[in-house]
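Residues or ranges marked as compositional bias 'Polar residues' in TrEMBL: 407-418. Annotated domain 'CAF1B/HIR1 beta-propeller' per TrEMBL: 1-362, in sequence order. As annotated by TrEMBL, domain 'Protein HIRA-like C-terminal' applies to 688-886. What TrEMBL records for 405-429 is region 'Disordered'. The repeat 'WD' annotation in TrEMBL covers 66-98, 127-159, 170-201.
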Amino acid sequence: MKLLKPSWVNHNGKPIFSVDIHPDGTKFATGGQGEDSGKVVIWNMAPVLREEDEKNENIPKLLCQMDNHLACVNCVRWSNNGLYLASGGDDKLVMVWKRAAFIGPSTVFGSSSKLANVEQWRCVMILRNHTGDVMDVAWSPHDVWLASCSVDNTIAIWNARKFPEIVMTLKGHTGLVKGLTWDPVGKYIASQADDHSLKVWRTMDWQLETNITKPFSECGGTTHVLRLSWSPDGQYLVSAHAMNNSGPTAQIIERDGWKTNMDFVGHRKAVTVVKFNPKIFKKKQKNGSTPKPSCPYCCCAVGSKDRSLSVWLTSLKRPLVVIHDLFDKSIMDITWTLNGLGLLVCSMDGTVAFLDFSQDELGDPLNEEEKNAIHQNIYGKSLAITMGSQLSSTIIDNPEMLKYQQERQGNQNPNGAQASGPEHQTPKLTNVLNGESLEDIRKNLLKKQVETRTADGRRRITPLLQPTHLACNGPAAVNSIGMKSNLLLTSASKMEPMKALDSRFTERSKATPGVTILWFHLRVKDSSSVKEPKVKDETSSDSEDKIMAKPLSMAKRKGEMEGAEVVEKRKKGRPRKDSFIRTHVMSVLSAEKEPSRLITPVAVLKLPTPSIQKSFSTQVSTDAIAYLEVENEVSVVSGARLSQLKWSRDGREWDTLLTSRITIATGSSDIVAVACEDRTLSVFTTCGRRLIPSIMLPAPLAALHCSGHFVMVLMASATLSVWDVQKQTALVKNESLNPILSGTDATVSQSFLTRQGVAVVSLSNGKTYCFNSSLETWNLIADKQDSLVQCADFRNCVSSQDALGSMGPLALTQGRNLSAGRLASRLSSTPHHLQQGMTLAFLEKQLASALILLSASEYRHWLLIYARFLVNEGYELRLRELCQDLLGPVHKSSSSSWEPTVLGLRKRDLLTEVLPVIGQNLRFQRLFTEYQDQLELLRLK
């Protein structure tokens with residue numbers, strides 16, 4: 001095995017959250033954090049594979065960089081045919097990229113160097129459906145569907161042949177969905193979420209097949225991603241972040257009955273990603289030796305928050321290799337080359353590693369014919385000749401189905417008559433294999449299975465190969481023909497410590513200096529100790545306190561102390577997206593005050609509150625990275641249980657004690673706010689000095705945000721308050737969310753506080769509101785379903801300089817829903833005046849929303865676009881009104897209510913920018929001259 005860490009693959013020190021190798025092996029993509037946006041980069045694979053290509057300056061390393069994502073990119077995945085690249089990010093979007101015809105190198109926008117794109121990749125489709133960060137994307141076999149999952153608790157299934165058509169939105173998770181994997185047979189898709197569950201869905205009807213919770217019930221904390229993987233033979237599914245006897249594991253789930261009796265054990269921290277090798281292997285034959293029959297097996301790589309990587313062969317009881325301290329931070333993604341011998345791994349520390357294996361180490365990969373024969377043997381059909389939606393309806397998943405299908409056909413055609421029509425032409429099936437019935441095979445296997453007990457009471461089982469079920473393909477170290485050793489099954493209650501180094505791996509490790517090889521072991525749970533799983537309430541979820549977000553920047557690891565690891569940023573106070581609890585109560589009014597008032601039923605809204613953790617950490621995005629660490633109940637003094645809050649930034653740190661358990665802690669560049677179980681809110685400076693006495697909140701806290709000197713709280717009673725703690729004034733006082741929630745089934749999906757102290761609340765129905773403290777009203781600022789957003793065509797009004805001004809809270813809430821003229825091509829048959837009116841209405845709405853959000857840069861951005869549109873379309877009255885408002889009265893008047901500035905911008909300076917736009921249209925020559933002269937007159941005064 002060779003190990004390489006190409007330093008030139010980086011995102012300028014920012015985290016890399018995803019990596020994927022192109023099916024043809026010539027390139028790979030990375031996704032992660034850019035300077036001020038999400039970044040997708042396509043790299044050349046040749047300099048990774050060959051040292052001479054790496055040294056050759058004529059061979060490019062970076063092929064293309066795409067900065068279209070507004071926020072961090074969490075996942076990149078190539079389609080199986082290699083034509084498309086899908087990316088999903090924190091801007092709630094899925095983008096589909098395709099290589100464009102070569103039009104010459106182009107400079108990477110915003111780059112200080114003369115960096116040029118060798119290949120041109122353009123975004124051909126933007127998929128909008130999610131109301132939260134997109135965490136994972138996955139193409140189905142044969143690229144029939146594209147699936148995406150999000151922190152909005154849903155999985156979207158897109159029709160990959162008719163983008164942007166949505167086939168189905170899968171709902172059922174009560175926590176953030178962080179991982180997806182397709183069954184290679186095409187019959188299922190599996191998802192894993194922060195709600196301590198793994199769900200398997202049928203592609204035939206998109207209904208839930210099974211919900212697996214037991215292996216995840218012990219899981220505390222969370223991971224940034226939960227990338228699970230299906231074995232290439234389809235027989236085993238391996239999860240991320242499971243627990244067994246308080247130890248982190250990767251849970252092995254058998255397709256047959258969804259049994260969870262085995263897991264990969266050994267990592268010291270939670271497993272973040274699992275990835276099966278796309279190849280199925282067989283034992284390599286020595287030169288000159290006669291071929292011996294051997295059982296095919298699979299290969300699987302496992303990455304963890306402990307910064308280590310393990311690679312397993314399912315024909316071995318222990319991993320082939322384990323590499324410790326491969327990175328400075330958690331492993332985020334793993335990808336294999338299509339030939340099965342190369343492995344790329346990326347980390348949150350912003351680096352990647354490449355492992356190059358030989359066939360002597362992994363074995364001989366089966367060719368496509370042999371692989372198809374295995375699928376034919378297990379499922380009754382080869383995947384190579386099964387396309388599209390046929391996968392879910394024609395694949396026979398297990399031997400029992402053969403019998404049931406035959407019985408069904410017999411019932412439908414009792415006289416042996418064949419049903420006519422193409423929809424009734426099901427393949428002819430048989431439940432006889434090699435002249436022996438499946439029932440006989442099953443009975444004989446049960447008789448032949450050998451079970452013994454060792455002296456210490458452990459069970460020793462010798463499983464046998466089942467012809468109809470490739471038993472040794474899955475990640476269990478089972479015996480088969482040609483294997484001599486038996487697997488020692490360990491009781492679930494007795495975890496064996498890691499074993500000593502094996503001489504084979506010690507020798508191999510010498511070839512790779514600096515790499516530590518340690519043993520893990522695969523544990524099969526004793527069936528006698530497996531208890532029935534408890535029924536878990538689907539609505540109860542403590543995922544609130546485990547919500548994570550990607551940090552915008554990463555600091556270098558300060559030390560190599562045990563367990564030292566930056567804890568991923570927690571999205572402060574985001575409520576769970578399970579349903580609000582609505583109960584009807586009678587509003588009893590005081591008889592003294594209003595004796596004649598009728599009693600009417602009122603709907604009481606309640607927001608979910610975070611559960612209390614023993615300890616947690618939060619990363620605060622300030623000028624420099626700051627960390628908040630909470631340790632509840634550190635000590636008991638005079639009956640009071642003390643909790644500790646610790647703050648650290650740039651080597652400076654302070655801590656303080658509170659007399660109640662801390663539920664939420666957050667901060668900004670100026671303040672730190674802490675909410676406690678006793679409903680108190682404490683505010684400190686970033687030096688640890690208390691600013692004000694504890695605020696008593698009227699209800700438990702659901703969400704807490706800080707920005708500058710502003711503090712925003714969302715309470716469980718669905719009320720909002722915002723304070724300026726520097727001026728010690730209230731901007732919003734216990735304002736109810738009832739106006740935006742009543743009459744809908746929507747839930748709060750996200751909330752945040754702008755730098756200007758404006759509270760923003762996003763709902764699961766795609767609508768986003770802000771509260772205006774001057775008007776004391778809720779204002780709708782974004783709506784995913786708004787046809788104006790989808791149909792507005794202002795492409796001709798956007799200049800290349802406008803991109804920088806579009807960053808801000810409005811762009812954040814709309815999630816780049818503003819792709820200019822996204823549907824304009826589809827509206828070619830729409831009357832021009834109708835589309836013109838829709839665009840005008842949209843631009844005026846944007847201008848008003850930026851104004852109410854107090855976002856100066858976005859207000860200027862949309863004002864210039866609006867002015868260009870008015871000039872292009874000939875709206876003289878509106879244009880004159882706009883210029884008059886910007887100019888104001890030429891002569892001073894005490895009766896004038898005109899304000900010379902808007903959001904801190906001088907209006908007459910804005911008019912100076914608008915006039916050149918007007919001057920481009922000769923039709924408005926008189927208007928231009930009139931306001932130009934008045935501006936000159938004002939300057940001379």
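Residue numbers in this text run from 1 along the chain shown.
Glycine is treated like the rest: Cβ placed from N, Cα and C.
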Whole-number mean of pLDDT values that fall within the repeat 'WD' (170-201): 91
Residue distribution over DSSP helix, strand and coil in the repeat 'WD' (170-201): 0 helix, 19 strand, 13 coil
For the repeat 'WD' (66-98), residues assigned helix / strand / coil by DSSP: 0 helix, 19 strand, 14 coil
Residues of the repeat 'WD' (127-159) by DSSP state, where helix covers H, G and I: 3 helix, 20 strand, 10 coil
